[in-house]
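Participant: Pasting the feature list from TrEMBL:
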COMPBIAS  181-203  compositional bias 'Basic and acidic residues'
COMPBIAS  215-250  compositional bias 'Basic and acidic residues'
COMPBIAS  441-453  compositional bias 'Basic and acidic residues'
DOMAIN    255-376  domain 'Dynein axonemal assembly factor 11-like CS'
REGION    181-250  region 'Disordered'
REGION    431-461  region 'Disordered'
């Protein structure tokens, strides 16, 4: 059975920063709770407690909640009112749609002197003759019963007829308790029959067959799988129809049985889905002939860029921005790249061979995309880049001379007839040797300047 757990209470205490010791209000409705416990130890300061629409059969473990003002246990399997004497500040109690037939159990609420509102609508005891008069006369502190205010005249009349009404209530209670005993026996018998039937079905499925018959079954298993699935579906539908059409009294046992049945069907469906997921065929990434295929199982947008400047291929895969990087697995091979996104493969055949060891993968900080950079295996040297680098390291005057000579033009026109490293060496060799010529260069410049000045001052010309 399901009980109140610390994890459940903390999840429901989000409004209190998941702190439970100082919790004043908590809602644990529709949690399929079958046992009420721990709250009186964990949440001593509780003032409002919602437990409606669960499977709680008994009010217990709330007596130490001294500050509790409102308790809602509507739509549960409670059969009597008890263990609330310690709730000294209780003002409102909702027991709507339970199975309270022992109406005399409300006498325990006399100790809750602050109780003003009580709800018993939908309980068997409300059908007793003299029900309202008995409650009004028993609980003097009560101001409102079943959303109807108790008037002074009604209370006086109820007190006058109290002995007679009390006797009638006792008799009806006894009759109801006998009826409940019969319902419990019937429910026990029905549950035992269902268990026996289920056991027989399991035995028939497993079987106490001989090895030969088991071998025969194994041989014909694949042939009859579809037929068995169809029969199983028909049998399940028939079982569902019988269960829901069967006439059963509305009791705590039948309500619990219905819940168990629904839970069992849900688990069977979930396990069926999981098995189908497991049986799902794997994606074909490489054919039997060894051909690598392009696959986009996660259905993500992507782009492939041939970065000639850096001699590399760049893959931009548009993975989800908030996807955890631990769910990505990148595998770069010389001829293809494979990325597993949450177990689903993305595979792309590269247009050119790359170096897996020098490849890198990173996430974009703005878009979250996965960017995989893969250097090409074939080296390519670009002429313009090398010439520009040599220009940066060379002297300006030397460059003017080189620009004037036809040798550089020849290198640019036909780069296959020379090697760029040689050009770099030539320029670098000139650097250390150029200490002498560099000293001579200013003289040349001054000479040109002089000639230039003489030319300017020649008025005849």
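Glycine is no exception: its Cβ is also placed from the backbone N, Cα and C atoms.
How buried are the listed features, and what sits near them?
Facilitator: Non-local neighbours of the compositional bias 'Basic and acidic residues' (181-203) in the same chain are 248-249, 251, 253-254, 257; each lies 6+ residues outside the stretch with a CB under 8 Å from one of its CB atoms.
Across the domain 'Dynein axonemal assembly factor 11-like CS' (255-376), DSSP helix (H, G, I), strand (E, B) and coil residues number 28 helix, 45 strand, 49 coil.
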Participant: For the domain 'Dynein axonemal assembly factor 11-like CS' (255-376), provide the mean pLDDT of the predicted model.
Facilitator: 86
